[in-house]
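Input: a single structure, listed below in C-alpha cells.
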Amino acid sequence: MGIQPSPVLLASLGVGLFTLFGLALGTYLVRRSRRPQVTLQDPDEKYLLRLLDKTTVSHNTRRFRFALPTAHHILGLPVGKHVYLSARIDGSQVIRPYTPVTSDEDQGYVDLVIKVYLKGVHPKFSEGGKMSQYLDSLKIGDVVEFRGPSGLLSYAGKGNFNIQPNKKSPPELRVAKKLGMIAGGTGITPMLQLIRAILKVPEDPTQCFLLFANQTEKDIILREDLEELQAQYPIRFKLWFTLDYPPEDWTYSKGFVTADMIQEHLPAPAEDVLLLLCGPPPMVQLACHPNLDKLGYSQKMRFTY
C-alpha cells in the first residue's frame, strides 16, 4: 500500500497554490491598471479635448495644451502620423491636420505648436488662417474635436518606414539608413516628431539631416528644441537653416531651398536614403521637387506630407 498524503498536507498545498494564484492575479491587475489608456481608439471617431493652456512661443506662434480624458491617458498616435482638428467657423466646417510636439511618453495632455495667421497681414491671404485664428480665440476650458491617427507614413523604428502610396493601398516597407528632411515653417512639427523618436533610441542607427527654411529668424519655431538635440547628438543629427530675409550676422544659408543646399546638407541619392518634405506648397513644388529631380533623387526616395 502506498503512502497517502495527509489531509493537513493537502490543505497546506491548496492554500499555497491559491496564494500564488492570488499574487499572480494581483500583479497582473496592478500592471494592467498602470498601463496608460489610449485616447484615439478609432480613427473615424471624433474626440472632444479641453484646452488646458495657451502660451506664446513667438510673435505669431502659440503652444496649445489640450487635456486627455484622464491623467493616465496617452494620445495613442504612432510616430509619423498626425491628427485632424475640426470646428464650425463662420457657418462652415473647417478641418486642418496637425502633428503634436508631445509624444505617447506624455500622459494626460497633448501639445500643438501652431502659427497663427491673422487677418489683413498677408496680401494673398487677406482673411488669414481660419483654424489658427479660431484656436487663438479659444478660452481655457473650451473644447475642440480631434480625430486620428491619420496619414500615409508611420515609423516602426530602426530605419523602417511603412508608407502607403495612397489611402486605399497597403503600406510598403521602406528601409533608410539616412533620413533627409526639408521643412518650411510649421512643416517642422512632423520632422521633430520623427527626429525625437529616432534619437531617443540608442540602438536606432538612422542618421537624420534637416534643412529648415523660414522667412525671417524670428519665424523659426522650435529652434531651441532642434539645437538642443543637435548638441546632444552631433553625429546622429545634422541641422541647417535657410532664411529669405536673414540678419547681417546670419551664418547659415540665404534664400529659397536650392540644389546646392540639398547637395551640401542632405544625404546623396541612394537606395538606403529617404527624403521627407513638409512645408508651404510653393516651397515644396517649386523649390524642392525640381531640384531633387535635377540631383537624381527618384520618386521612391521621397515622401511629401
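Heads up, the Cβ atoms here are built off N, Cα and C, so glycines get one too.
The shown structure was predicted, so the numbers you read here are calculated from the model rather than taken from an experiment.
Going by Swiss-Prot, these are the annotated features:
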type	residues	note
BINDING	136-166, 175-210	FAD binding site
DOMAIN	44-156	domain 'FAD-binding FR-type'
TRANSMEM	8-28	transmembrane segment
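Everything Swiss-Prot records as a feature, shown here on the structure.
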residue: ASP136; record: FAD binding site; contacts (Cβ under 8 Å, 6+ apart): LYS54, ARG62, VAL116
residue: GLU145; record: FAD binding site; contacts (Cβ under 8 Å, 6+ apart): LYS46, TYR47, LEU48, LEU85, SER86, ALA87
residue: SER154; record: FAD binding site; contacts (Cβ under 8 Å, 6+ apart): PRO78, VAL79, GLY80, LYS81, PHE161, ASN162, PRO171
residue: ILE163; record: FAD binding site; contacts (Cβ under 8 Å, 6+ apart): LEU152, LEU153, PRO171, GLU172, ARG174, PHE303
residue: GLY180; record: FAD binding site; contacts (Cβ under 8 Å, 6+ apart): PHE209, LEU211, ILE262, LEU266, PRO267, VAL273, LEU274, LEU275, LEU276
residue: THR189; record: FAD binding site; contacts (Cβ under 8 Å, 6+ apart): TYR98, THR99, PRO100, VAL101, VAL113, LEU222
residue: ILE198; record: FAD binding site; contacts (Cβ under 8 Å, 6+ apart): TYR155, LEU179, ASP204, THR206, CYS208, ARG236
residue: GLN207; record: FAD binding site; contacts (Cβ under 8 Å, 6+ apart): LYS177, LYS178, LEU179, ILE235, ARG236, PHE237, LYS238, PRO267
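Mapped onto three states, the DSSP output places ASP136 (FAD binding site) in helix. Look at the domain 'FAD-binding FR-type' (44-156): DSSP puts its residues at 8 helix, 57 strand, 48 coil.
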